[in-house]
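Contents: one structure, followed by commentary.
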Amino acid sequence: MTKKTLEIYSVELSGTKDIQQTDKGNGKEKYRGLKNCFEPRKNHYKEELRKEVDLDDHKLSIKELEKKYDTNIITGLSSTQAAELLARNGPNALTPPKETPEIIKFLKQMVGGFSILLWIGAILCWIAYGIQYSMNTSSSLDNVYLGCVLALVVILTGIFAYYQEAKSTNIMATFNKMIPQQALVIRDSEKMTIPAEELVVGDIVEIRGGDRIPADIRLLSVQGCKVDNSSLTGESEPQPRSSEFTHDSPLETKNIGFYSTTCLEGTATGMVINTGDRTIIGQIASLASGVGNEKTPIAIEIQHFVHIVAGVAVSIGILFFIIAVSLKYQVLDSIIFLIGIIVANVPEGLLATVTVTLSLTAKRMAKKNCLVKNLEAVETLGSTSIICSDKTGTLTQNRMTVAHLWFDNQIFIADTSEDHSNQVFDQSSGTWASLSKIITLCNRAEFSPGQESVPIMKRVVVGDASETALLKFSEVILGDVMEIRKRNHKVAEIPFNSTNKFQLSIHKTDDPNDQRFLLVMKGAPERILEKCSTIMVNGQKQPLDKNTAEAFHTAYMELGGLGERVLGFCHLYLPADEFPETYTFDVDTMNFPTSNLCFVGLLSMIDPPRSTVPDAVTKCRSAGIKVIMVTGDHPITAKAIAKSVGIISANSETVEDIAKRLHIAVEQVNKRDAKAAVVTGMELKDMSPEQLDELLTNYSEIVFARTSPQQKLIIVEGCQRQNAVVAVTGDGVNDSPALKKADIGIAMGIAGSDAAKNAADMILLDDNFASIVTGVEEGRLIFDNLKKTIAYTLTKNIAELCPFLIYIIVGLPLPIGTITILFIDLGTDIIPSIALAYEKAESDIMNRKPRHKKKDRLVNQQLAIYSYLHIGLMQAVGAFVAYFTVYAQEGFKPSILINIRVEWEDSNVNDLEDSYGQQWTWYQRKYLEWMGYTAFFVGIMVQQIADLIIRKTRRNSIFQQGLFRPQYWFVAVPFAILIWVYDEVRKLFIRLYPGSWWDKNMYY
Amino acid sequence: MRRQLRSRRAPASPYGYRSRLDDQDEVNQNYLADEEEEAEEEARVTVVPDLEEEEEEEEEEEEEEEEEEEEEAKAEEKGQGQPAGNAWWQRWQIVNEYLWDPEKRMSLARTGQSWSLILVIYFFFYASLAAVVTLCMYTLFLTISPYMPTFTERVKPPGVMIRPFAHSLNFNFNVSEPDTWQHYVISLNGFLQGYNDSLQEEMNVDCPPGQYFIQDGDEEEDKKACQFKRSFLKNCSGLEDPTFGYSTGQPCILLKMNRIVGFRPELGDPVKVSCKVQRGDENDIRSINYYPESASFDLRYYPYYGKLTHVNYTSPLVAMHFTDVVKNQAVPVQCQLKGKGIINDVINDRFVGRVIFTLNIET
């Protein structure tokens, strides 16, 4: 099976080559779309793959290798040689994805969004000053200051945004450093440990079980070495390695070990043939960084919003510029109006607010184990409509666990929850006693020492997945397994190998009255059954007849059908007369019986789903998110897990299921009847993009099994063609192109590779699917709250804009100054709008469909119109009333203000008459104008409080949502009164007794 | 074959037509086309060649969606020579349809009913808003007296202004060139029309000097005003010397104090005017004659009752006759008010209690 997967894998890896051949061959445009989707990167792919094909070191003999790399397998490289090579080829590390220079990033922040508009404003200010200066050298510096303030605003927001971005990338930098890698290398005939980074081509390295392979190596000598290539292939099955050349493809031959894969057991010596980015994994990583990063939905939304606001600002600005010019205003004045309109329209503080809001949510999510790398990804998760999830580790616990037992003709269910706390199956039978003994004894796995305090399920075990499962299972039920093994001393052993398909060991028993040796055996059930002539039922040996054999087969098929890995167990007490205590067992000659044994039972194992996952999948479903499983695992296992976590719901069937139920051929089934589909990588390979589209639209529950990580990319692209926002989970380096391609790539924090983490937008620190769901919730909430924030912020724009328009057309004294506007935008409004980010959800946000990328915009027509033309207008009118009140009370009634502008602003007119005939100097008017600013400002502020309160909810009443309880406002009131009274008393005594002790001490 | 193709394509583009319309909505709302949408446009163009073949097979297709696509395909064919014009044509079509869609009888993506509802709602909304504003302003005016401003502290202390005033406080003129000073004379003459003796005698009363002219009684009652005759200004009245001394290089400048409702100078201490060189040699001005000779504003012109009732109020003036000023050089002059309750040293406001101007008389 393993080999087969590798074939699929390799075909996919050289995908484009394949496609081109088909194109040439029969012209059938089967892969047309596929080619299309690869097209932009074709050259890239080709280039990378050619390099890979060139690799032929696995075919060379050791002598040739030594010659090629100028090394010696005994003495290794000399340190001078190594230093030279290191200098020439660079360190052996994955170069982080190409980063745009910091200065470019910074400059981008400086001109993005509204910045360009504000720059224009600032420059206009300076131009206006220039014109003023050329006319009158003593003109005021107001415009210069305003220009500087605007520039400062842009620079500060730019720095802020830049800092935020830099901070989120820094997290990755620390991540890279968290994995120190050492390599045991032979140089100058000496074994030494050096940082893996310093490895060079030709180095001879030694690897032991547990090590990560520090570079691409050609294995020279191997002792029972097995590697876990999961990070490369996504296949978690351990693969044996040897020093023989077994396959033409370097990916499949057994004598190559890949950089970053793990050696599970055994030892090996190898020669480094590729380092750093030239390794297979390095090539894939650089391929991944070649995939363009998609713009996040929130970035698109914000851009959309910026466009709307900028459009409004520019069009109103230009319109009024023209109006002003045609009203015979001077160009200088018109420019100043333009500045005012731009400043009033642009919500200067909003982008910073959005960034803060997002980072607050990111922080909150980090606490829930979602580490957000790219701030904007916070929201992306909320708009996700399809999640393509890994199986291993994400949906499952990523460890084999005993799920079922079969003995005494019965299937028992074992507890597969995370802690195995309650094993409830019947343990009284004699058969169980025997079975448990076999499980315990016929097992080579051992706990690593010094873990007594660690819960059993979390202990580190040396051994393969199945044996680990059995060890933990027996440790939980029987207690100290090591002790049991010690008591039942092992005298001989045949380890598992793929030809025998069984494992056997012979033990002295711990029963002092029983001098017989116990032979225990486990292995593939059919092989075990072949070797048996009896079967144990209820602790009694019975002959193995047809009926029992049948029962065995039924049970075997049933367990196999659950996608579980089944093992058979049998034993035999060797007769004491034939095998006395002193008998020497020889495993080579097999001087002991290996047939006519007694069959005891079956035991099946599976990587069980995490207990939180079914619930999370249900939540996703009710949230309208389609969960697609993409796994490299066997379809049956994949389907079984999918069913148990609810990705395939209990009552839905696949085409195959229907066929089976109705006893008809698969082709006859009406495809519309099936809701679920299990698609293997082989099938996927033959699909045209149209077929894939059809598959994705027609089935609500899809499992992709036996897929290679490359196919993940195709699936992601297929989903994106459905206009879906796709989240992809992945851990392997090979997943990184898909992670990058996805709208939001989610890397696994524990199992994930550096490349995957680099490509991802988010890291799940606990590898748990359920964390994604909390992320989705936060994402949706933040989208809603951003809407509120923006609505709040936009409202006052009208109140800020109207004064300028009225000023130009009606010629009133300016109601509010540009600096005051900036003060609102950057001062008083920032904190309330950030506060809205903390608003709790109004309804169950997890019960509605994900937003449609194109239709449910962050800033839609309704929001803009309601904010601008309803609330905004009321606010503007309110502020104007405040303004008119101030002027009227000071003597200027509204009627006289009309068209007063020119005289009002002429600093030479110092006897301007008001409605009462009083005459005002220029400065007195100016002072009044500032009072007007204040009144207008306060007017906006007061109404913004109401605006803030109404923005808390969009549908519910504020009273449903709840405010800070008003009675708390009054708790401190007595003290406020006390303060006031106390101070009045103080001042009274100061006035009454000037120069007294009280005065000296209390007057300040 | 054809059916097959269709059904195969159908799920692929359920949003094809709609999303395009949606995009267009946004284009219209926001004339700055999103880059994003531009990219889509491109993507669409790459797809079209596939569609074209299908469309050519059967042209008669009644479904609206098909029509749309066909149109596009046709347009594509037509515009192959000029792809840019084609894109614009497509856009124009979509915009046109957005403006008026005859099929659904919709304009700007709204039906007539929707439009009329909107109009009604907005009418009522804005009408009630206007009502609220009117109410507010009405209450505001109820609280404001038409005779006396609610607050006067901003306009106190009084400012000072001079005449003639020609948008500048620099008096540059050449005695021998009447063109350079003629406008001052015209300005002064114009300004003093209201002070003509005949007019004053006719309209105003001659009230006793040295004391306030207090007219208690009803606020609404019209108030009488004290005479300030042009002839009080003697040499600067323009009666004897119609050029106000400008022709001889001895210019007259009139100074008036800003009117403030209810302002009363300190009793028995009328506000005096005194001028001197602001910066530079004190002797640049060797003599100034003031008219009236007291160089003060008589108390009888106070208080001022506001223009509604104090209709004919004439602001008192003090004329400064600069009889001997250094010629051919700019002389900065500062005239200050002096008296109790008068502030004349506000740094920011150079017109409160003082006025600064320059005389540059050329001969």
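Along the chain as shown, residues are numbered 1 onward.
Each residue, glycine too, has its Cβ placed from N, Cα and C.
Please treat TrEMBL annotations as automatic predictions, because they have not gone through curation.
Among the features that TrEMBL reports, compositional bias 'Polar residues' is placed at A:230-243.
When averaged over the domain 'Cation-transporting P-type ATPase N-terminal' (A:56-130), pLDDT in the model lands at 81. The feature domain 'Cation-transporting P-type ATPase N-terminal' is assigned by TrEMBL to A:56-130.
Per TrEMBL, region 'Disordered' is recorded for A:230-249.
Feature annotation from TrEMBL assigns transmembrane segment to A:111-132 (among others).
TrEMBL lists A:144-163 (among others) with the feature transmembrane segment.
The feature transmembrane segment is assigned by TrEMBL to A:305-329 (among others). Residues 113-114, 117, 335, 337-338, 341-342, 345-347, 790, 794, 797, 801, 804-805, 808-809, 858-859, 864 of the same chain sit 6 or more residues outside the transmembrane segment (A:305-329) yet have a Cβ under 8 Å from a Cβ within it.
As annotated by TrEMBL, transmembrane segment applies to A:335-358 (among others).
If one looks beyond the transmembrane segment (A:863-886) by at least 6 residues along the same chain, the residues whose Cβ comes under 8 Å of a Cβ in the stretch are 308, 787, 790-791, 794-799, 801-803, 806, 815-816, 894, 897, 928, 931-932, 935-936, 938-940, 942-944, 947, 950. Per TrEMBL, transmembrane segment is recorded for A:863-886 (among others).
Annotation source TrEMBL lists transmembrane segment at A:930-950 (among others).
Per TrEMBL, the feature transmembrane segment maps to A:962-982 (among others). Away from its own ends, the transmembrane segment (A:962-982) comes close to residues 949, 952 of its chain (Cβ-Cβ under 8 Å, at least six residues beyond either end).
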Cβ-Cβ under 8 Å with the transmembrane segment (A:144-163): same-chain residues at least 6 beyond its ends: 105-106, 109-110, 112, 115, 118-119, 121-126, 129, 339, 343, 348-349, 351-352, 355, 818-819, 822, 826
Spatial neighbours of the transmembrane segment (A:335-358) far in sequence, C-beta under 8 Å, 6+ residues away: 113-114, 117-118, 120-121, 124-125, 127-128, 131, 143, 146, 150, 153, 157, 160-161, 164, 298, 302, 309-310, 312-313, 316-318, 320-321, 324, 329, 375-376, 378-379, 782, 785-786, 789-790, 793-794, 797, 800-801, 803-805, 807-808, 818, 821-822, 825-826, 829-830, 833-834, 837
Helix, strand and coil totals (DSSP H, G, I; E, B; other) for the domain 'Cation-transporting P-type ATPase N-terminal' (A:56-130): 48 helix, 1 strand, 26 coil
